[in-house]
Amino acid sequence: MSAIESVLQERRVFPPSEKTSASATISGMDAYKALSAEAERDYEGFWGRLARETLAWKKPFTKVLDESNAPFYKWFEDGELNASYNCIDRHVEAGHGAKNAIVFEADDGAVTNVTYQDLLTRVCRFANALRKRGVKKGDRVVIYLPMSVEGVVAMQACARIGATHSVVFGGFSSKSLNERLVDVGAVALITADEQMRGGKALPLKSIADEALAAGGCEAVKDVIVYRRTGGKVAWTEGRDAWMHEIVENESDTCEPEWVSAEHPLFILYTSGSTGKPKGVQHSTGGLLLWAAQTMKWTFDAKPAEDVFWCTADIGWITGHSYITYGPTAIGATQVMFEGVPTYPNAGRFWDMIAKHKVTIFYTAPTAIRSLIKASEADAKVHPKSYDLSSLRILGTVGEPINPEAWVWYYENVGGARCPVIDTWWQTETGGHMITPLPGATPLVPGSCTLPLPGIMATVVDETGQEVPNGQGGILVVKRPWPSMLRNVWGDPDRYKKSYFPEELGGRLYLAGDGAVRDKETGYFTIMGRIDDVLNVSGHRLGTMEIESALVANPLVAEAAVVGRPDDTTGEAVVAFVVLKRSRPEGDESTKIANELRAWVAKEIGPIAKPKDIRFGENLPKTRSGKIMRRLLRSLAKGEEITQDVSTLENPAILDQLGEAR
Ligand code: PRX
């Protein structure tokens, strides 16, 4: 039996690492239990204490939690603070101005160090430039930028003047960008000429121009452009301005706008099971508190010695909480990377860890799985070929990590010295929720273990009753927590229905994931989404969103989208399509499948492209006309159909749809 097989069979428990346990912020299970007990005993006292200890308040809050308009909760509402002051100024004031805030490595390997003092200057100048353009407290600013210091500066500058940013991932299409600009009611857009990924320049400004031209965003008065590559771009006089030009004559100081803790720090769009993406609205005080607190707890980050690296993009929540806000809020040094893990070769991550002496490394299972494959094919890019001895903590996020990948990560990247911290959380939760603690929790591969102190997570059945350990159910959080979303932007009804459904009693936060707790330890294992949301490479995609994109194509009559497990990306998108004309065969079907993939990339973004497209003359429907998605899921997986198909109107269709394109 191989080492991995025995781990899987025994559900082997890995002790918390000897390298971290003694000096950890939360050292040992007793310390964890004591903090959890404090939260149980005096919930508001616990959160109030953390908020006072962790953040700098211009005006202290007098009330911790307001539940009078539940589920619209308010935290620390009469307290005033500024996120950018907390993330930058206070470290400079404490004498750490010369410390590196960001060590930026570009796609081509060029490294730029940005100290806290540099960051302060750049944020102030840009914030002043935004103010000069009339951007003010409460305005929404959309940021469509590559991984860049400029991205962090733009976000922090918005926070400094009380503007609410909404970052749109640089891989989204002009249509997706347009929808977000319109929904959020943006007054300004910050973008770049192009982005560099894997040695290639990809357009951004031209996509942004298209998005703006598509209508509905007349409120966007300013388009500010970061010059990344110097590539040629179209220019609209009076609207467009270069970032480097507008900051030139600005002052190095900028008085922060002190805002209520409840002031919206950002809105970040994420896919839901129905309709258009939801604008998840986060608060200033709550988000910042938890981003900072979890840096200290989950990552055990010690600003004086650690070098933290989160590989996520700033276009996702992970980049918000664990690049822009968390590491800076605690005054840590972090590595930020522009490129992709496979360029110039699949050893890039390991090379960068060695080069920058990274101590805490946070990435996604999908990246780990693709790097396992690459290192099997080429020993030169195997982590063991690099000096990774600086590492002390490894984190993972975005999807369930399969135990095989966990063990590989533990043994090969950490060299069996570093705990693997499997963090379960979501765009909506703002920060980590269920996760091991490096110095305390015994680890079980594939389990995110236990909720953090103060997080009242549990598993319930469809009526909201808690189920016993060992029984699967629906993952919920029983009490509000500071970094939770505050609303779905402009749609409070959707907020209530999606996250606090009446079926569960209206007060439980519904995460949308299935989970089971271990009989003995109570450890959580996440079993994936229970709604029509797919998780591809750690990114959420609504099946309905992809279906609507497909049916918008003039060739398509009907489409149904499901997920199937994929070795690298976790899940893959499979689309079942009925064309308006007859079912294509052979080369023609390959050609149309490719056309439809390109179409989806244009409508949503390349991440949503179906891996398989299958054409049928029809979709499997019941006599009442309902598409039988269960059957489609089995077909997508290549399983034999064992389900009862007697209610199916057209059983013959199943043969046609079994064929992948
Ligand atoms: O299904 C869960 C999965 O990712 C979803 C949240 O996606 P998103 O909002 O895009 O945020 C991703 C980064 C926080 C969850 O509902 N998920 C995330 N982390 C894990 C996970 N599933 C299992 N284990 C995890 N550690």
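Just so you know, glycine gets a Cβ as well, placed from its N, Cα and C.
The model shown is predicted, which means the values in this text are computed figures rather than measured ones.
Within 10 Å of the C-beta of Ser537 (CoA binding site) we count 20 further C-beta atoms, all protein chains included. In this structure, Ser537 (CoA binding site) belongs to neither helix nor strand by DSSP; it is coil. Annotated CoA binding site per TrEMBL: Arg197, Gly198, Gly199, Lys200, Thr318, Ser537, in sequence order.
Listed in sequence order, Thr298, Gly395, Thr396, Val397, His432, Ile434, Thr435, Cys448 are the same-chain residues at least 6 apart in sequence whose CB falls under 8 Å from the CB of Thr423 (ATP binding site). According to its DSSP assignment, Thr423 (ATP binding site) is in a strand. Taken from TrEMBL, the feature ATP binding site covers Gly398, Glu399, Pro400, Asp422, Thr423, Trp424, Trp425, Gln426, Thr427, Asp513, Arg529, Arg540.
For Val551, Val556, the entry in TrEMBL reads Mg(2+) binding site. A sphere of 10 angstroms centred on the C-beta of Val556 (Mg(2+) binding site) encloses 19 other C-beta atoms. DSSP assigns Val556 (Mg(2+) binding site) to a strand in the three-state reduction.
Positions annotated as domain 'Acetyl-coenzyme A synthetase N-terminal' by TrEMBL: 32-87. The domain 'Acetyl-coenzyme A synthetase N-terminal' (32-87): residue composition by secondary structure is 27 helix, 7 strand, 22 coil, according to DSSP.
As annotated by TrEMBL, domain 'AMP-dependent synthetase/ligase' applies to 94-481.
For the domain 'AMP-binding enzyme C-terminal' (545-626), the DSSP counts in helix, strand and coil order read 28 helix, 27 strand, 27 coil. The domain 'AMP-binding enzyme C-terminal' annotation in TrEMBL covers 545-626.
Residues or ranges marked as N6-acetyllysine by TrEMBL: Lys626.
By the rule that a residue counts when its Cβ sits under 6 Å from some atom of ligand 1, the binding-site residues Lys200, Gly398, Pro400, Thr427, Val551 yield Gly398, Pro400, Thr427. Secondary structure at Thr318 (CoA binding site), as computed by DSSP, is helix. Gly398 (ATP binding site) falls within neither a helix nor a strand when secondary structure is assigned with DSSP, and so counts as coil. Separation of the C-alpha atoms of Lys200 (CoA binding site) and Gly398 (ATP binding site): 26 Å, rounded to the nearest whole number. With Arg197, Gly198, Gly199, Lys200, Thr318, Ser537 listed as the residues that bind CoA, the site has a largest C-alpha separation of 25 Å.
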